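See below for the structure under consideration.
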Amino acid sequence: MSYKSDIEIARAANKLPIQEIGAKLGMKNDDLLPYGHDKAKVSQEFINSVQGNEDGKLVLVTAINPTPAGEGKTTTTVGLGDGLNRIGKNAMICIREASLGPNFGMKGGAAGGGMAQVVPMEEMNLHFTGDFHAITSAHSLLSAMIDNHIYWGNEQEIDIRRVAWRRVVDMNDRALRQITASLGGVSNGFPRETGFDITVASEVMAILCLANDLKDLEKRLGDIIVAYRRDKTPVYCRDIKAEGAMTVLLKDAMQPNLVQTLENNPAFVHGGPFANIAHGCNSVIATKTALKVADYVVTEAGFGADLGAEKFMNIKCRKAGIAPSAVVVVATVRAMKMNGGVAKADLGAENVEAVKNGCANLGRHIENVKSFGVPAVVAINHFVTDTDAEINAVKEYVASHGVEAILSRHWELGSEGSAPLAEKVVELVEGGGANFGPLYPDEMPLFEKIETIAKRIYRADEVLADAKIRNQLKEWEEAGYGHLPVCMAKTQYSFSTDPNLRGAPTGHSVPVREVRLSAGAGFIVVVCGEIMTMPGLPRTPAAESICLNEEGLIEGLF
């Protein structure tokens, strides 16, 4: 049986005018700032007007460690939202925006897939409403103002060897990881080493996604540490006087984007920090607004539960004062096989034994999710190559962990295929079994926070960090930053820092290569192993297959 591509399905969607989608949430036409007919920004006035409403229930969708192609977490998020609406619940979804770089590299789009998509899919995976361009521009403005400050006399006495603020671009470009700037003569400034990160790794992105309003945004931007003086005292963004202009550039980007699913259910798509190099959750302002206008809000956190869900619980929920009522762990038969040692080329063939071996990875994620005090259900995201024997093997394993696994066919059937999952989620939420608590208290020393995550979530034996890193953490504690949560930057493919170490490894070590203080965002980034904050393109990038056809339509984009 042949299936339409995601882009063919999205183009055939029967979209409603965005004003009709907003009306489902109590929004009047004046509450929306339309970008065409099918997407809009939500006004700050509307957001302010619903603050007195009672909060709905929050459901987190996370996953096992992914295969390189991803496991359909966004697809499941969309499918579950549609499924909840199908069974009579007032539900909406909150997901992240797509980064251009990975879309032209190897990752799937950020709009779901099959019959569980958010539309307009093409625009969402490209420029959308321009939020990422605004973030890149605000970040770049600060970069320019730092070098300009140094050029015109360096009143703040910045040590040009200790400029912490790098540049960003929303593209996978390994050639820019490490560069020398200001070459070409005296008129171009003082030459120094710097580099580029991808926009989704920018602290500006993290700040936008954690800020409560424009006032909070401007304060957080001012708190960014951009450099250090020779006496090692920090230079802040506010010392460069950049936070006001940066806020102006981000004014519209702070407003959540409203779009719709294929089944005309509302969706907020806002913000997009990566989960392997940042905190991996959509914006606080979108999630908290959704909770005021819907009874059920389904959101996702990037990559596996060891990264996205851990940061959702320890960073986003802690900072935003929210708590999930249930967690859905997405698993696929093919990922079980890969974690069980099967090569990517052989994933289509039945291999029940490999599925059983790979289930240890799923079991670890279930244990970790439950350790936060939140009830869980496993969603088996169905693929046409899955066999009954393989599916039953997953169900039996999950049952042994005291959790139910539901086969969900939302990719193929939309809400009809996800209704059983939706029913189970409602059962968990209404059962009132959630007693959420983060993994560590604010007052725990920073290095102990790192060890807590490494040992309790990754099941490592030890954290390897040299004296320089440990001393840096102590200095930050003495400077008043010891209460901040830690944001682990590591590979998404394994519980360890080795992407090839599949399954549920124990007894491994977590090497810390670098620590970065994101004072504006409000967390410490802990860079582990070989993770890069600027990805590269694969040998055959997806961009090679993307073009416009004779009708002016995009081809090759999913």
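Glycine too: its Cβ is placed from the backbone N, Cα and C atoms.
Residues or ranges marked as ATP binding site by Swiss-Prot: Thr67, Pro68, Ala69, Gly70, Glu71, Gly72, Lys73, Thr74. All protein chains considered, the CB of Thr74 (ATP binding site) has 27 other CB atoms within 10 Å.
DSSP gives Lys73 (ATP binding site) a helix state. Sequence-distant contacts of Gly72 (ATP binding site), defined as residues of its own chain at least six apart whose C-beta falls under 8 angstroms from its C-beta, comprise Gly113, Val330, Thr332, Asn381, Trp411. Long-range C-beta contacts of Glu71 (ATP binding site), restricted to its own chain and to partners at least six residues apart, with a cutoff below 8 Å, comprise Ala63, Ile64, Val330, Ala331, Thr332, Ala335, Asn381.
Counting Cβ atoms from all protein chains shown, Lys73 (ATP binding site) has 26 others lying within 10 Å of its own Cβ. For Thr67 (ATP binding site), other Cβ atoms within 10 Å of its Cβ number 17.
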